[in-house]
Each structure stands twice: as structure tokens, then as C-alpha cells.
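Participant: Attaching a single structure in C-alpha cells format; questions to follow.
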């Protein structure tokens, strides 16, 4: 459970000092005020790193056009010329073989998203506002100020009445035991994986790479080992378990799986993203540590990736870019989402009043690097020209903020909190429809941490909005502090898979959210 919580507290508080703190921390910095040139250079570095491919393809096209325009006499003269110029033949052949070899060796293997699934908890685990507050009172752990604070957070959170909390939190008193935490993890992970294997007809034994991310629950044996044991995965599987990396770890897990698929040919990779609430509920009265209780809910996803060329025909998406930004070298950024004990010795995740400003800086860095990779050349020239003029002539003009709507058709912004979505909508100049998936995911499922971006993608598919060649931008924040982006391209008109999280309720959305 991580950074999204503070974003939803639009000034509500149980005490005056806390109210000021939340009010000050809810806004992202204005991106128009400053853009760092070195991150633009980094983006162009990524672009130039693929220059060989970009140059080689047009060269082949030019040669093909020239050859197509040659007549029979031209071909006969060329053959006569080559017969008496052995050196020319050898040189041309060597250049051709060398060029093709370099191209094949340096070309990254395409990574396809075959399908994915999202876990949906049973109805008896729903936690409407009234039940949530009644249980909070009955635990006897919270004073009146803390209860009022939680009530205000819920009212302003953007969460609806149908989100889920784990079974242990429905008990009076709660039972946050290791056994209960394992039970939650198994239900979420196995529930998502069962749907994934059923929908794709892929056998567990065919999986060669497994990446699991869960920030706060890391038992021994690991969560990845639990999956290996459950599905009897093969003995040489390359498994990874990512812990403590926050709500952006889902993109990190995809990036790791992508790198592994570049090395290991003809295989499948499964990425499982979840968060565990059972043992990470806060039972104290420190306001900054109470916010995650109000926002984080049960959820998880499983994603099947492939580097097999035959899977392109049935895959939903192709991975285009992953851009990761880490601000952990800065002490404030490192500590802005921090797991610790309060004065009474109760463990929770503390959220700094500087969180939104730090998130804004990480986002600015990330999108400045991403821009050259995805924006049309017209937007890049406008952006780069105004930036250079400002830097060289110290002119009092604001940098041109590119229109990312020209680069992406759909946006999956991590549903960390209502104010985060509001501020990204404002700063990136998005339309309400662009953030609809994020708002509705927050309303229906709450903050499910790293898996929220997959619930959002499922919403877009369930609405029938995903068309062939549409580009999707998934962006998430995480403790450390990190901001990570993944860009996907639809390979066909994508429909929602069976047993999707929105299957029986998509017609009720979007809903109006009270301000």
C-alpha cells in the first residue's frame, strides 16, 4: 500500500493542523514552470539508440523501388558487369550480409500481450461506507478524532459502496494473522491466474518466466513459489518476486519480463501484480498513516506475455515502450512514502505532506523522457524549440507542453486517489473521457495498487473503445519514489475477455461522483 492515499484528501481532516497539511499536499506542481533539458536529451538518446533500424528500413525501401523500375536490358547489363567484377560481388555480398546480421542481432524481439485477467472478490467481502465505519468503531483502536478523519476521507475519496476488503478485516475483532494474509494472497493470485489460463488455453507447464510483485507482504516461501507450487510449474522456470516497490511495481514487473523475453526465445512470461491488506491495516491514530486504510482494497491481475511470432495473430497488444523514473537519490522523495511504527509502536505506511510535489517532479521527468519516443514530430519541434529559446536567451516564455492526446488514444492513470487523477487531467490537458477509466476503477474497486492499471484497461475494453492501432499509456507512481510508464499498441479491435471484472456492471458506468 503506497502513495495514492494522500491524493484523495481534498482538505478533509479530523484536526486543524492535519487539514492544512492535506490541503497543501493535494496539488501537483505546474509543469509549465520548468522542464529539465537533460531529460529531453535522455528521451532523444532512446530514440537515437534505434537509429540503425530507422535508417536501414528506408534504405531497403529505396533499393526495392529502384529494382522495380529496372527493365530487362538493365538487369542484363548488370549481370554482365557483375560477371567481370568479382571484387564488386564480394564487397556487395559482404555489405549485405553484414547489414542483415547487424539488423537481426540488434532488433529487439517483439513482446505481445496475449491476454490478462483481473481478480474480482466475492460479494460478501464488500465494504460499503456504513459497514466500514461500524467495524472501525467496534475494533476499539481508533479515537473519535481518527474515526471522524476516516469518515471525511471516505466521503471525498471517490470510492463507491462496492469495494472489497479481505475476510480478516470483516471479523470483529480483525484477525490479521499470517495464515489470513496467505489466504488473501492465494485467493487473489490464484483467482486471477485461473481466469487467465482458462481464457488463453495456455498450460501452466508452458510458462517459462514468472514475475510476481507485492509491496508489503513477502512471506517465505515467496509468493512466486506459492504459484509454482499451486500450478506445478516446471523446474527450470525463471521466477522473480518483487517486494517493497509500491504501486508502480506492475510496470516494473512488465519491464523485467520484457527483458527476460529478449534473452529467452519462444516462451511465455506471466506477470502477477497484487497488494496484500490483511497484515498491513493500521490500528493507530496517526492521521498520515490512516489514509491507506480508507483507500486500499482487494485486487490483483495476471498478464500473459509472449515473444512467439505465432502469438501475434491472437494477441491483444504489442509492448512499444517502457520508461522508468526513480527519484530515490533524493532524501525527501525516498521518505515520502515510508513504512514505520508510530509513537504507540503500531506499524503503518506514513505519507509525507510533500508527496504530491514529489510525485509531480517524478511525473515531469518521466513524460519529458517519454515525449520524444511517442509524440509526432510537429509536437516535438514545438516543444524543443521553445525549450531551447528559453534556455539560450533566458526568455520569459513558458515551455510548450506537448499535447499527449496526439500520441495516445487511451490513458490508464493509476487509481491512487481522486486528486491525483484530477491533477493529471488538468496538467496534461486531458478530457474527462480520458480519465474516465481511472475514476470508475477507483469508484468500483478502490486503490488496488499495482493492478489498478489493468482494471482500467479492462474498463476501456468493456466499453468497446479499443480499436486496432490505438495506443494506450499506462502510468503509475510508487514508493521510493518512482514514476513508470508503459505504452501498448492494440493489434486488433479488442473486446473484453470472459470473466472480466466489469462483466456484469459495465452498463451502470460511468457514474456521477459527488464532489
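Glycine too: its Cβ is placed from the backbone N, Cα and C atoms.
Curation does not apply to TrEMBL; its annotations are automatic.
For reference, TrEMBL lists these features for the protein:
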- 44-65: transmembrane segment (TRANSMEM)
- 86-105: transmembrane segment (TRANSMEM)
- 103-392: domain 'FAE' (DOMAIN)
- 247: active site (ACT_SITE)
- 326: active site (ACT_SITE)
- 409-489: domain 'Beta-ketoacyl-[acyl-carrier-protein] synthase III C-terminal' (DOMAIN)
- 410: active site (ACT_SITE)
- 414: active site (ACT_SITE)
- 443: active site (ACT_SITE)
- 447: active site (ACT_SITE)
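Could you give the neighbours, burial and distances for every feature on this list?
Facilitator: Taking all protein chains in view, 33 other C-beta atoms sit within 10 angstroms of the C-beta of residue 247 (active site).
Same-chain residues at least 6 positions away in sequence with a Cβ under 8 Å from that of residue 326 (active site) are, in sequence order, 480, 481, 482.
Per-residue confidence over the domain 'Beta-ketoacyl-[acyl-carrier-protein] synthase III C-terminal' (409-489) averages 95 (mean pLDDT, predicted model).
Same-chain residues at least 6 positions away in sequence with a Cβ under 8 Å from that of residue 410 (active site) are, in sequence order, 434, 437, 457, 460, 465, 466, 470, 471, 472, 473.
Within 10 Å of the C-beta atom of residue 414 (active site) sit 35 other C-beta atoms, taking all shown protein chains into account.
Cβ-based neighbour count (10 Å, all protein chains) for residue 443 (active site) stands at 22.
Of all Cβ atoms in the shown protein chains, 32 besides its own fall within 10 Å of the Cβ of residue 447 (active site).
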Participant: Within 10 Å of residue 247 (active site), Cα to Cα, which of the active-site residues 414, 443, 447 are there?
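Facilitator: For residue 247 (active site), the active-site residues whose Cα atoms are within 10 Å come to 414, 447.
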Participant: Using C-alpha atoms only, work out the spacing between residue 414 (active site) and residue 447 (active site) and round it to an integer in Å.
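Facilitator: Per the Cα atoms, residue 414 (active site) and residue 447 (active site) stand 8 Å apart.
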Participant: So how many of the residues in the domain 'Beta-ketoacyl-[acyl-carrier-protein] synthase III C-terminal' (409-489) end up helix, strand or coil by DSSP?
Facilitator: 37 helix, 21 strand, 23 coil
